[in-house]
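K.L.:
The feature ATP binding site is assigned by TrEMBL to G233, P234, F235, G236, S237, G238, K239, T240. Residues annotated as domain 'ATPase F1/V1/A1 complex alpha/beta subunit N-terminal' in TrEMBL: 8-70. The annotation domain 'ATPsynthase alpha/beta subunit barrel-sandwich' is assigned in TrEMBL to 110-195. Here TrEMBL flags 213-436 as domain 'ATPase F1/V1/A1 complex alpha/beta subunit nucleotide-binding'. The domain 'ATP synthase A/B type C-terminal' feature in TrEMBL is assigned to 444-545.
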Amino acid sequence: MYLKTGRVIKVSGPLVMAEGMEEANLFDVVRVGEQRLIGEIIEMRGDKASIQVYEETSGLGPGAPVVTTGAPLSVELGPGLIESMFDGIQRPLDAIERAAGDFISRGVEVPSLDREKRWHFTPTVNVGDEVETGDIIGVVQETSIIEHKIMIPYGVKGKILSIQEGDYTIIDKIGEIETNKGVLPLTMMQKWPVRKGRPYSRKLNPIEPMVTGQRVVDTLFPVTKGGVACVPGPFGSGKTVVQHQLAKWADAEMVVYIGCGERGNEMTDVLNEFPELKDPKTGEPLMKRTVLIANTSNMPVAAREASIYTGITIAEYFRDMGYSVALMADSTSRWAEALREMSGRLEEMPGEEGYPAYLGSRLADFYERAGKVICFGKDGRVGTITAIGAVSPPGGDLSEPVTQATLRIVKVFWGLDAQLAYRRHFPAINWLNSYSLYVDNTGEWMNENVAEDWSDLRLKAMALLQEEANLEEIVRLVGIDALSEEDRLKLEVAKSIREDYLQQNAFHDVDTYASLEKQYKMMKLVLKFGDEALRALKAGVYLKEILNMEIRDRIARAKYISEDNIGAIDEIFVELEKQIDDLISKGGIMND
Ligand code: ADP
Ligand code: MG
């Protein structure tokens with residue numbers, strides 16, 4: 001197909017204006033200049049196109065040729081995705097480095113997925129089978145952990161004419177299908193335009209928790225498989241650690257991690273660290289179930305804008321196979337800044353703090369692509385995407401536009417608090433202002449699957465934390481002497497909830513993860529101390545004596561009891577009752 005060449009008329013950083021583009025369409029990918037820089041048309045007016053260029057535009061000037069590829073920005077989907085690291089427009093970082101040295105040189109053409117590598121394909125359908133969109137026709141054991149399902153692409157329907165087991169590249173023909181448009185070859189790769197959500201049969205209400213092993217998350221502010229959450233917090237408050245912990249521990253089958261242009265060295269850290277991470281469940285490298293999208297700081301701002309779409313499209317593809325996928329974006333603020341910069345260069349009317357008026361709807365479009373769905377395909381399988389976006393509000397000010405727009409969409413808010421981080425209370429999730437709108441549903445699930453009093457214990461813990469805040473206010477006003485012994489005991493129990501339960505060290509071998517069973521036992525123990533202490537107090541024992549009990553130390557260290565030994569927590573229960581009984585009988589004598 002011959003397409004007319006346009007000409008650059010203006011270059012403004014990553015934004016290029018071109019004329020003579022009447023044959024191109026909005027959202028077409030174009031090649032700009034002699035260097036064939038990759039760009040995307042983000043606005044069309046008559047024959048003039050505004051192009052967001054994903055590579056450095058220095059040296060580019062008026063008159064340079066622009067050609068459209070006639071296709072929208074798309075990703076390649078097929079075996080080879082897992083363990084890959086891509087930039088924001090799905091260029092493989094290692095292949096690019098090999099082709100161009102340390103810096104990604106401009107206009108480099110590297111296919112997203114390896115064209116040479118052979119994968120062992122095993123058909124799961126037979127010749128003569130009728131198949132349609134989403135039907136699984138075969139599998140590839142892509143990594144030791146993940147079986148890649150090969151699916152009939154969108155819009156294709158017909159009868160399998162041939163299909164063979166064997167070792168194929170992603171572009172080899174693995175079979176043929178007879179459709180009403182004729183016979184088509186079947187391959188293991190498909191493409192999808194990133195700005196469009198991949199379709200599914202039906203959306204379901206996400207009610208099952210995504211267990212993360214992080215106590216403050218699972219117990220107080222749970223997220224569901226298919227849920228949406230955000231983690232806002234100032235610099236250094238622990239956003240990245242939270243995201244990494246979830247990548248490692250969440251009970252999702254696949255992880256898509258989008259490192260969205262946080263400070264340059266931080267991205268390099270991700271690129272270095274992720275390949276080192278072990279999957280705790282299998283002992284294999286975590287990368288064996290991870291796709292990494294990284295915008296390093298030497299990449300232009302526009303690539304960041306695209307990266308979250310590239311990431312979520314890949315997540316949707318694995319969801320379509322029936323997997324549970326966890327998607328992290330760190331940080332969506334950097335993405336929003338890219339959006340703001342492009343909007344500014346387009347001279348659009350700025351909204352709040354210079355962000356475009358469509359910031360909220362763009363964010364909603366992104367999070368809307370998460371969820372729990374019945375996938376296309378005859379087997380009616382269910383897949384989920386849980387999306388967790390970090391937000392970096394400047395100065396930690398939650399009233400800024402990106403945080404506010406995000407809070408209007410997501411159902412879980414883990415508010416990281418600079419004060420808590422400063423006091424080294426980690427994860428620094430503020431229990432007073434954070435929330436989860438899934439808690440009713442997950443509570444039922446927990447009651448059925450973990451323990452019937454799970455929700456009661458959670459409520460009790462939340463109430464104590466709230467009471468602590470109220471009592472502290474009174475102490476601030478009139479001093480600790482104004483409090484009764486019972487109130488002082490409440491403060492102690494709340495402190496124990498915070499320090500012995502909510503605080504969790506991501507870098508401690510045992511403490512880094514707590515199963516729901518362990519969380520339940522620990523929570524029950526901390527609250528049990530409160531009940532038992534109250535019993536003693538009422539029997540006339542001095543609070544001071546109760547607080548000096550040796551057992552408290554064991555309660556505090558319960559978090560370090562390993563998963564294969566959690567019965568040891570039950571022993572602390574027994575010992576607690578015994579020590580309280582002893583105090584009461586001793587106290588009884590003293591009081592006589
Ligand atoms: P942010 O991404 O918000 O700038 P980081 O995630 O890089 O912050 O966290 C900053 C530091 O806080 C970490 O390097 C670590 O020392 C500490 N930290 C955060 N969360 C935890 C945790 N759960 N356990 C232990 N240390 C933590
Ligand atoms: Mg960070």
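Any Cβ shown, glycine's included, is placed from N, Cα and C.
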K.L.:
Take a look at 8-70, 213-436, 444-545 and tell me which one has the most Cβ pairs under 8 Å to the domain 'ATPsynthase alpha/beta subunit barrel-sandwich' (110-195).
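P.N.:
Ranking 8-70, 213-436, 444-545 by Cβ pairs under 8 Å to the domain 'ATPsynthase alpha/beta subunit barrel-sandwich' (110-195) puts 213-436 first.
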K.L.:
For the binding-site residues P234, G236, S237, T240, which sit with their CB under 6 angstroms from an atom of ligand 2?
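P.N.:
The qualifying binding-site residues are T240.
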K.L.:
Enumerate the residues of the same chain, G233, P234, F235, G236, S237, G238, K239, T240 excluded, that satisfy the criterion Cβ within 8 A of the mean position of the Cβ atoms of the recorded ATP site; list them in sequence order.
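P.N.:
The answer, listed by sequence position, is S392, L416, A418, A421, A428.
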K.L.:
Under 8 Å Cβ to Cβ from F235 (ATP binding site), same chain, six or more residues apart: give me those in sequence order, or none if nothing qualifies.
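P.N.:
Listed in sequence order: S392.
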K.L.:
If you check the binding-site residues G233, P234, G236 one by one, which have a CB less than 6 Å away from any atom of ligand 1?
P.N.:
G233, G236
K.L.:
What is the number of residues in the domain 'ATPase F1/V1/A1 complex alpha/beta subunit N-terminal' (8-70) that are helix, strand and coil, as DSSP sees it?
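P.N.:
Split by secondary structure, the domain 'ATPase F1/V1/A1 complex alpha/beta subunit N-terminal' (8-70) comes out as 0 helix, 36 strand, 27 coil.
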